[in-house]
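Participant: Pulled these features from TrEMBL for this protein:
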type	residues	note
DOMAIN	22-137	domain 'Thiamine pyrophosphate enzyme N-terminal TPP-binding'
DOMAIN	225-343	domain 'Thiamine pyrophosphate enzyme central'
DOMAIN	437-560	domain 'Thiamine pyrophosphate enzyme TPP-binding'
BINDING	ASP466, ASN493, GLY495	Mg(2+) binding site
Amino acid sequence: MDIGSVPSQDDDAAAATPREATLGRHLARRLAEVGARDVFAVPGDFNLTLLDELEAEQPSGGGVRLVGCCNELNAAYAADGYARARAGGVGACVVTFTVGALSAINAVAGAFSENLPVVCISGGPNSNDYGSNRILHHTIGLPDFTQELRCYENVTCYQAVVNNLEDAHEQIDKAISTALKESKPVYISISCDLPSIPHPTFSHHPVAFFLSPRLSNQMSLEAAVEAAAAFLNKSVKPVLVGGAKMRMAKARKAFVELADACGYPFAVMPSAKGLVPEHHPRFIGTYWGVVSTPFCGEIVESADAYLFAGPIFNDHTSVGYSLLLNNEKAIIVQPDRVVIGNGPAFGCVLMKDFLRALATRLKKNTAACEIHGRIFVPQGEPRPSEPGEPLRVNVFFKHIQKMLSGNSAIIAETGDSWFNCQKLKLPEGCGYECQLQYGSIGWSVGATLGYAQAAKDKRVISLIGDGSFQVTAQEVSTMLRCGQNNIIFLINNGGYTIEVKIHDGPYNVIKNWNYTGLVEAFHNGEGKCYTAKIQTEEELEEAIEASLGPHKDSLCFIEVIVHKDDTSKELLVWGARLFAENSRPPNPQ
């Protein structure tokens, strides 16, 4: 069932008459309806009854499947990855009161920064304890049950504390629908004594979710389109740039339709890679200031007009605020607002409506495409490796490129993988995810679990540094438990390389692990697993051939050993710019 549409009479017929009218089973059916058919969970004494009820409502009956995770942080990272793969659906995790919820909050904050609808459900105190002045375990020792709620108020768009059955269905529905409408995380606390108690409000399956569509103000839309068309039609060499908020605005197709109609070249900001088709003839790469795809930055910054759809301008995406852009030349299109130059601004205008309407009003202009074609030089191949030569990163990524297909998805961890993965040319249908706004190291391990659990039709390829892997490594065991066939490349360069390039110090050196041995210990003879440790191009080719051939149904973990100084030139430039920005002296008082 699509969110925002009326279901047919046959939709989820098995779920139409709930077998048990309990809060927990109602929650399971509601999560399943919005696409969260896998729920990532860590048990704790405040959520055990809730987990029983969720477990009882299986996917075959319109319910959910519980995926047990090693810790709450990883469970919430997995919900993040799941939401990314569901294209408009939600991800969900279940944790326990305070100790679990505060462990998960870092990942929920990351989902908030990336505009992802994640539902974080916490098992709360017994409903009889509210107002009792009791001190409970798993708290900081004060008779105050609101600490967890107050923390989540800062990283979620809606919070529901369910401590009675009368309005539980209302609170749950409001929370889930708000997550969908705002494309942000929400928090639900459910008292531990309530999930298994029947109540009349759950005796009949409620009306399926129908979200009233958000509409543009037609007068504002027309005025914005007219002003934007006049602005762009008088320009000589305009360009388009896509940003990360195209996802939440559901405007990815509209952006490409606009590019097809007007003939402008288009690029993406780094956090939007994967949101537009890179096989398109007018796609020119990633616009990232001085570390842009070759010849892309020159085209964007020399344009006399540029339209940015859903941009996020921060110190990461602007390379320390060093972009050579001029507000007077820019049209900035946000999910519900359009600003042209330094003004005027038009509110109540949805991005997808604006882009589609603008496509009908623009004159065809291929000037910037033609300039790009004249200056473009195809990317060369790295020099061949000598027999036995230590593997170089540029050679490694040459082979990653060859692995990609429409049945692949790339997960790029914070670090040098950000920059090397930006250079990959994604085939049609190939997924791509990174967490550039929040940049929490270790995110990719949980996100890989969640993405793969949602996207059964894709083989997930994760590029993870050794420092990041040490933060969240244990969730590889959950991937094995779930029978996933992800390919994880562990890039071992002996430390936190991205921090080294910003500002080096002894704290950036980490203890080396026997990474393949660790994964084999996780495997423990259960499920399918393949590991390899490689140091040369010949060994890499053998490992890739094995992972795509005889071990295509296995979780493949390939440790790639590279020199600590073998990094992309883009990281060197980016690190220097960011350090300069972070080191600016205080402004004089």
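Counting begins at 1 with the first residue displayed.
Including glycine, each Cβ sits where the backbone N, Cα and C put it.
TrEMBL entries are annotated by machine, without manual review.
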Participant: Limited to the domain 'Thiamine pyrophosphate enzyme TPP-binding' (437-560), I'd like the whole-number average of pLDDT.
Facilitator: 92
Participant: Enter the number of other CB atoms within 10 angstroms of the CB of ASP466 (Mg(2+) binding site).
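Facilitator: Other Cβ atoms within 10 Å of ASP466 (Mg(2+) binding site): 24.
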Participant: Enter the number of other CB atoms within 10 angstroms of the CB of ASN493 (Mg(2+) binding site).
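Facilitator: Result for ASN493 (Mg(2+) binding site): 21 neighbouring Cβ atoms inside 10 Å.
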Participant: Can you tell me how the residues of the domain 'Thiamine pyrophosphate enzyme TPP-binding' (437-560) break down into helix, strand and coil by DSSP?
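Facilitator: The domain 'Thiamine pyrophosphate enzyme TPP-binding' (437-560) comes out at 58 helix, 28 strand, 38 coil.
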Participant: Tell me the residue counts in helix, strand and coil for the domain 'Thiamine pyrophosphate enzyme central' (225-343), as DSSP assigns them.
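Facilitator: Per DSSP, the residues of the domain 'Thiamine pyrophosphate enzyme central' (225-343) fall into 40 helix, 24 strand, 55 coil.
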